[in-house]
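Taken straight from TrEMBL:
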COMPBIAS  170-181  compositional bias 'Polar residues'
DOMAIN    1-140  domain 'MARVEL'
REGION    159-197  region 'Disordered'
TRANSMEM  38-60  transmembrane segment
TRANSMEM  72-96  transmembrane segment
TRANSMEM  116-136  transmembrane segment
Amino acid sequence: IFSIVVFGSIVNECYVNKDSQHPELLCIFNENESACSYGIAVGVIAFFGCIFFFVLDLQFQQISSVKDRKRAVLLDLGFSGFLAFLWFVAFCFLANQWQRTTLTRGFAQGADAARAAITFSFFSIIIWVVLALRALQRYRLGTDMSLFATEQFGTEPGASYPGYPGGSGVESTETYQSPPFSESLEANPKGYQVPAY
């Protein structure tokens, strides 16, 4: 939502005419086109990134491979940290350019939108840092196998792994009388016929 506010306010109200003698639209941030373009770009990247990671979170439980889950969490962590950095740069850049802006009558009409873009850029830094910390916590929890296989292990600390159930679901009480792969001293063990070629 914050990214929509930032790029929406810049696109809608931060391109204004300086005065009646200059008909071209100028960026309100010190007439610096780069400031407006950067704010729009970061806002759009953040918006589409949020959509992607929202869908990934919805599908996370269906990812069966632990390696794929680890990659998804690392991607979330890296993207969140990267976006927190981009929003920090956006906040500093927009605030600096706004401080240098001389408000003419034409620029005054977009002043509220410029302040909103700066304010929500700052809030976006906090949100993306929190998301990065959440992804880091999820990564740390993911190193514990019980996160991925909770139904397979007992809840007690010393619980052993239950064996694979038999075909009928009932465990057999029979045990082997002799080891299954022991060597026999007989040349032809019982029941074995030497094939004739």
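Every residue gets a Cβ built from N, Cα and C, even glycine.
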What same-chain residues lie close to the transmembrane segment (116-136): Cβ under 8 Å, and 6 or more beyond its ends?
2-3, 5-6, 9-10, 14, 39, 42, 46, 73, 76-77, 80-81, 83-84, 87-88, 90-91, 94-95, 98
Take the transmembrane segment (38-60) and find every residue of the same chain, 6 or more past its ends, with a Cβ under 8 Å from one of its Cβ atoms.
2-4, 6-8, 10-11, 14, 69, 72, 76, 79, 83, 86-87, 89-90, 93-94, 117, 121, 124, 128
If I take every residue in the domain 'MARVEL' (1-140) and average their pLDDT values, what number comes out?
88
According to DSSP, how is the domain 'MARVEL' (1-140) divided among helix, strand and coil residues?
110 helix, 6 strand, 24 coil
